[in-house]
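Asker: The structure is given below, and queries will be raised subsequently.
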Amino acid sequence: MAIVFPFQLEKKLISITSDRDQISMSIPEVSSHDSCLNDCHSVNSEEQAKPVCCLELNAHKDGIKVVDTSNDASTFSNSPLVPDNFGVVYPGIIYRSACPRASNFNFLESLHIRTIISLRQEEYSEEDLHYFTKHHINYYHIAMPGSKHRKNDCISSSSNPDISDVDDLVRKTLQLLLNKENWPVLLHCSRGKHRTGIVIGCLRALMNWPVGNRLQEYISFSHPKEREVDEEYIQNFSSDPSLKSSLNDLKRYISDSSSELADVVLSSESPTVQAATVNETCRSPGS
């Protein structure tokens, strides 16, 4: 029998149903006239809360990995509130997704997103940029080239100008993600698969995740269109001292936080987190 845990993201009530190693996250449906910031009532039926994804929580000594393992991937992406391919990198700190639409902005507001980092080539519309300004959201546009046309045999070559450019953009993005002044932050590209997957894979490398776990997470968001060139980049990513020093704030928050990050029994040998070890409250830094 499944166990239901209320999972509070600020004022947005999300119920999580656990069945062994998987959890299904349900978000109360909100009409176009309702605000995601309003207090939500308890979920009492399937009509009141439609599951939008199935998640698998994997733990490592440095954090939690949340992976969409839905049998029907469209269930998650069709939610009117949640951006496509949405994922939690570190609760209350770093999130990932495909490019959010205007219909997703209320959900992002409920997470108290302070910064949005876009890796797309395309710019947001003037209307969207005005929304960011109005709601005091920092916005960074890092036009990272896609990996679709790059050759596998040159992905690790520092002499290749395309790869050198990607290296520089990845490091700039990681610096923004690790800057606590930007938290909570949403990272996205067009579909939240490849460019976003590369950056998050490199972040996991900084946090000493095993290569296999990094690749598993990348594939879970990009399947069935995972790219060997991306996987090779994640495998071969090498850090530098400036990035290592920027990890201190993130590691400090993870170790000191009273949110679920501090309450999960973390073990790299047993990566699955049992639902009973997850604290009910996920808060933003400083809340």
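Here the Cβ of each residue, glycine as well, is placed from N, Cα and C on the backbone.
According to Swiss-Prot, the protein carries these features:
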{"type": "ACT_SITE", "residues": "Cys189", "note": "active site, phosphocysteine intermediate"}
{"type": "DOMAIN", "residues": "85-256", "note": "domain 'Tyrosine-protein phosphatase'"}
{"type": "MOD_RES", "residues": "Ser156", "note": "phosphoserine"}
{"type": "MOD_RES", "residues": "Ser159", "note": "phosphoserine"}
{"type": "SITE", "residues": "Arg195", "note": "site 'Transition state stabilizer'"}
Asker: In whole Å, note down how far the CA of Arg195 (site 'Transition state stabilizer') lies from the CA of the residue listed as 'active site, phosphocysteine intermediate'.
Answerer: 6
Asker: Grab the pLDDT values for the domain 'Tyrosine-protein phosphatase' (85-256) and give me their mean, rounded.
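Answerer: Mean per-residue confidence for the domain 'Tyrosine-protein phosphatase' (85-256): 90 out of 100.
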Asker: Rank the recorded positions Cys189, Arg195 by how many other Cβ atoms lie within 10 Å of each Cβ and give me the one with the fewest.
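Answerer: Counting other Cβ atoms within 10 Å of each of the recorded positions Cys189, Arg195, the minimum falls on Cys189.
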Asker: Going by DSSP, is Arg195 (site 'Transition state stabilizer') part of a helix, a strand, or coil?
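Answerer: It is helical.
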Asker: Quick check: in three-state DSSP terms, what is Cys189 (active site, phosphocysteine intermediate)?
Answerer: coil
